[in-house]
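S.K.: Per Swiss-Prot, the feature motif 'KxHxx' maps to 212-218. Summarising the annotation, Swiss-Prot assigns site 'Required for the recognition of 25-hydroxycholesterol' to PHE108. Among the features that Swiss-Prot reports, topological domain 'Cytoplasmic' is placed at 1-21, 82-96, 142-146, 201-218, with the record citing a curator's inference. The annotation topological domain 'Lumenal' is assigned in Swiss-Prot to 45-63, 169-182. For 22-44, 64-81, 97-119, 123-141, 147-168, 183-200, the entry in Swiss-Prot reads transmembrane segment, with the evidence type similarity to another entry.
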Amino acid sequence: MGETDNAPRGPPSFLPHKMNLLLRGLLLFLIGVFLALVLNLLQVQRNVTLFPPDVLSSLFSSAWWVPLCCGTAAAAIGLLYPCIDRHLGEPHKFKREWSSVMRCVAVFVGINHASAKVDFANNTQLSLTLAALSIGLWWTFDRSRSGLGLGIGISFFATVVSQLLVYNGVYEYTAPDFLYVRSWLPCIFFAGGITMGNIGRQLEMYERLALVEKSHRD
């Protein structure tokens, strides 16, 4: 009798987890789209937008897919970081609170703002400054080997993909100085990967703690 009563409990425990995973992915997607739009507005000051400004007023813009791609990438990164932590057996415990995550987002936006607002002597100085700021963001809010490795991998992959799109005429920047864009793009991708990874980790931890609390109540 006891075994019959306990048998059906497997699927219900799986379904909430799957639903929570989908909700977490959706939230990360929306955050990614929002940050893409905000960061684009910052770059408008230099006329170096990641997609034409009219995307804000029309879904039929020639680059309407760019913020959607950013949202999809943000969801994938945010879900991947906790999975890698579990796979490596290295749960991330450094500064695991929402206030730290919000500061990380603020620093990420600040790095983007610096690339748009501050005038550097040359592109090399811009690259070195943003690289130092991005590594500083990782050291301040992450400090994990998995975070550093994924950040570098994301930066390399995203930069290569963006350049291939430009070279093949699928996409183009609005700036005449293409070298300027390439100077800050890898650093922005790296910092963005670290930021979305921290958000994903925090959401996963919040979900895990909620499930543990619920199991204790039951």
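Just so it is clear, glycine is given a Cβ too, placed from its N, Cα and C backbone atoms.
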S.K.: Counting Cβ pairs under 8 Å that sit 6 or more residues apart, are there three or more between the transmembrane segment (147-168) and the transmembrane segment (64-81)?
M.R.: yes
S.K.: Which sequence positions outside the transmembrane segment (123-141), separated from its termini by at least 6 residues, show Cβ-Cβ distances below 8 Å to it?
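M.R.: Result: 94-95, 100-101, 103-104, 107-108, 111, 114-115, 147-148, 151, 179-180, 182-184, 187-188, 190-191, 194-195, 198.
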S.K.: Applying a 10 Å Cβ distance cut-off over all chains shown, what neighbour count does PHE108 (site 'Required for the recognition of 25-hydroxycholesterol') have?
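M.R.: Excluding its own Cβ, PHE108 (site 'Required for the recognition of 25-hydroxycholesterol') sees 24 Cβ atoms within 10 Å.
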S.K.: By DSSP assignment, list the helix, strand and coil residue numbers for the topological domain 'Cytoplasmic' (142-146), in that order.
M.R.: 2 helix, 0 strand, 3 coil
S.K.: Near the transmembrane segment (97-119), which same-chain residues lie under 8 Å Cβ to Cβ, leaving out any that are not at least 6 residues past its ends?
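M.R.: Sequence-remote neighbours of the transmembrane segment (97-119) are 35, 38-39, 42-43, 45-46, 48, 126, 129-130, 133-134, 137, 140-141, 184, 187-188, 191-192, 194-195, 198-199, 202.
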